[in-house]
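*Asks:* First, the structure itself, so that you have it in front of you.
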């Protein structure tokens with residue numbers, strides 16, 4: 001049933017000319033400059049670090065599966081920050097918020113969900129890689145072939161893209177109220193759903209379905225992999241061997257807990273519990289700080305990444321000398 005104050009978008013021109021106002025951090029006027037500088041530095045460091053890891057792994061002739069997945073993770077994080085952070089920095093630079101077109105908002109939401117979903121699927125693929133490495137070490141090379149890694153990477157990207165497209169289409173088919181003020185610094189799904197002029201829980205069903213596919217299913221796969229890994233570690237009699245095997249999983253576990261902790265808090269809950277101020281803070285950490293933390297975890301914890309980076313720096317020094 002139509003509600004009072006709704007804008008029905010039953011023709012193409014209305015959707016094409018509609019604009020949303022991203023309020024951003026308009027309530028934090030006294031902290032805007034400080035926040036802008038902090039997140040600009042974090043953004044630049046994250047971009048530089050991910051580009052360095054991506055280029056270092058691409059230039060490496062022999063790439064084991066874990067390095068291949070780390071390269072894909074760096075590419076996802078690179079795109080992820082470019083989709084969200086520039087608009088967040090702009091919202092800190094302008095006092096009254098910044099506008100975004102209907103199509104721009106839908107595109108940003110789709111890319112954000114697709115990249116976040118691809119990361120969930122990729123973390124599941126990485127957990128399978130660790131499972132094969134620890135539970136079936138003699139078959140590791142045969143199982144984790146280059147062809148399988150490429151198929152897994154393609155499946156992660158295409159699957160997340162399809163789910164994100166369905167969710168975005170479902171959200172932007174809803175009627176929106178006259179107020180198009182999004183109390184957020186980007187077009188996040190809960191923030192846009194909050195503007196929908198509906199009294200039922202039906203609009204939340206596509207989000208729930210996307211959460212099941214993008215969050216719950218990969219999490220169950222990761223959980224199953226680590227149950228098998230834990231069982232295999234218990235069978236290792238040497239404490240040194242057990243510690244070495246477990247150390248290869250620490251980085252992946254840390255990133256998984258960070259990613260799923262923030263995503264679960266933001267998306268798996270009813271619309272009635274939506275809190276703009278709290279969600280903005282969590283999203284700010286989720287979209288700005290965690291990519292930098294992922295970078296630090298993998299660059300500091302992964303000996304292969306450190307070795308490749310050292311090799312790349314040596315090549316650069318030799319080239320400068322010559």
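Every residue gets a Cβ built from N, Cα and C, even glycine.
Sharing the record's features from TrEMBL:
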type     : residues : note
DOMAIN   : 49-298   : domain 'G-protein coupled receptors family 1 profile'
TRANSMEM : 33-59    : transmembrane segment
TRANSMEM : 66-89    : transmembrane segment
TRANSMEM : 109-128  : transmembrane segment
TRANSMEM : 148-172  : transmembrane segment
TRANSMEM : 207-234  : transmembrane segment
TRANSMEM : 246-269  : transmembrane segment
TRANSMEM : 281-300  : transmembrane segment
*Asks:* Quick check for me: are there 3+ Cβ pairs below 8 Å between the transmembrane segment (66-89) and the transmembrane segment (281-300), leaving out pairs under 6 residues apart?
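*Replies:* By the criterion, they touch.
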*Asks:* Take the transmembrane segment (281-300) and find every residue of the same chain, 6 or more past its ends, with a Cβ under 8 Å from one of its Cβ atoms.
*Replies:* 39, 42-43, 45-46, 49-50, 53, 70, 73-74, 77, 80-81, 84-85, 88, 184-186, 188, 251, 254-255, 258-259, 262-263, 265-266, 306, 309
*Asks:* Hey, which bits of the same chain come close to the transmembrane segment (148-172), Cβ under 8 Å, at least six residues off its ends?
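*Replies:* That would be 15, 65, 68-69, 72, 102, 105-106, 109-111, 113-118, 120-122, 125, 128, 189, 192-193, 196, 203, 206-207, 209-210, 213-214.
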